[in-house]
Amino acid sequence: MTTRNLTDEQIAEFREAFSLFDRDQDGNITSNELGVVMRSLGQSPTAAELQDMINEVDADGNGTIDFTEFLTMMARKMKDTDNEEEVREAFKVFDKDGNGYITVEELTHVLTSLGERLSQEEVADMIREADTDGDGVINYEEFSRVISSK
């Protein structure tokens with residue numbers, strides 16, 4: 001998502017949020033201002049982490065975030081959230097009984113309905129490959145890791 005895809009309403013909300021971060025109202029968010037807001041939200045980032053967050057979007061290299069850079073950051077975060085929702089929806093397709101795990105049977109059922117003809121052993125191999133904790137099923141974190149690595 002780019003800043004062009006943001007609605008006027010979203011931009012207005014982000015301007016309001018920006019002014020909360022920009023405590024001295026100089027049009028820029030410093031690492032100190034970012035730290036104050038994050039600590040008020042229960043986070044405890046280090047000075048280096050705060051600077052890294054700023055550097056990620058600091059297009060002009062001045063060490064602070066202006067409103068345009070802030071919009072870029074928020075648009076990226078929204079895109080990440082959209083991707084997360086898509087992965088959750090995909091997980092639900094596989095997790096037929098909704099118990100939070102994908103079993104060999106559930107994976108076989110979905111693959112068969114998609115026209116894939118795999119043996120139980122091939123499906124079990126797929127589960128084993130994704131099953132990092134070795135419990136014989138795929139939980140959401142394991143599923144997300146496999147999907148995100150593609």
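The backbone N, Cα and C atoms fix where each Cβ goes, glycine too.
As recorded in Swiss-Prot, the features of this protein are as follows:
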DOMAIN    9-44  domain 'EF-hand 1'
BINDING   ASP22, ASP24, ASP26, ASN28, GLU33  Ca(2+) 1 binding site
DOMAIN    45-80  domain 'EF-hand 2'
BINDING   ASP58, ASP60, ASN62, THR64, GLU69  Ca(2+) 2 binding site
DOMAIN    82-117  domain 'EF-hand 3'
BINDING   ASP95, ASP97, ASN99, TYR101, GLU106  Ca(2+) 3 binding site
DOMAIN    118-150  domain 'EF-hand 4'
BINDING   ASP131, ASP133, ASP135, GLU142  Ca(2+) 4 binding site
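Residues belonging to the domain 'EF-hand 4' (118-150) score a mean pLDDT of 88 in the model. DSSP assigns GLU33 (Ca(2+) 1 binding site) to a helical segment in the three-state reduction. Neighbours of the Ca(2+) 1 site: apart from ASP22, ASP24, ASP26, ASN28, GLU33, residues of the same chain with C-beta atoms within 8 angstroms of the site's C-beta centroid are PHE21, ARG23, GLN25, GLY27, ILE29, THR30, THR64.
ASN99 (Ca(2+) 3 binding site) and ASP22 (Ca(2+) 1 binding site) have their C-alpha atoms 44 Å apart, to the nearest angstrom. Panel annotation: around the domain 'EF-hand 2' (45-80), residues 1-3, 5-6, 10-11, 14-15, 17-18, 21, 27-31, 34-35, 38 of the same chain, lying at least six beyond its termini, place a Cβ under 8 Å from a Cβ of the stretch. GLU33 (Ca(2+) 1 binding site) sits 15 Å from GLU69 (Ca(2+) 2 binding site), taking the C-alpha atoms as the reference points. In this structure the C-alpha atoms belonging to GLU69 (Ca(2+) 2 binding site) and ASP95 (Ca(2+) 3 binding site) are separated by 39 Å.
The Cβ of ASP24 (Ca(2+) 1 binding site) has 10 neighbouring Cβ atoms from other residues within 10 Å, across all protein chains displayed. Distances between the Cα of ASP60 (Ca(2+) 2 binding site) and those of the binding-site residues ASP95, ASP97, ASP131, GLU142 are shortest for GLU142. Taking the C-alpha positions, the distance from TYR101 (Ca(2+) 3 binding site) to GLU142 (Ca(2+) 4 binding site) comes to 10 Å. Comparing C-alpha positions, ASP24 (Ca(2+) 1 binding site) sits nearest to THR64 among the binding-site residues ASP58, THR64, ASP95, ASP97.
Of all the binding-site residues listed (GLU33, ASP97), GLU33 sits in the most crowded Cβ setting, with the most other Cβ atoms within 10 Å.
For ASP97 (Ca(2+) 3 binding site), the nearest neighbour among the binding-site residues ASN28, THR64, ASP133, ASP135, judged by Cα separation, is ASP135. A C-beta separation below 8 Å, combined with a sequence spacing of at least six in one chain, links GLU106 (Ca(2+) 3 binding site) to PHE94, ASP95, LYS96, ASP97.
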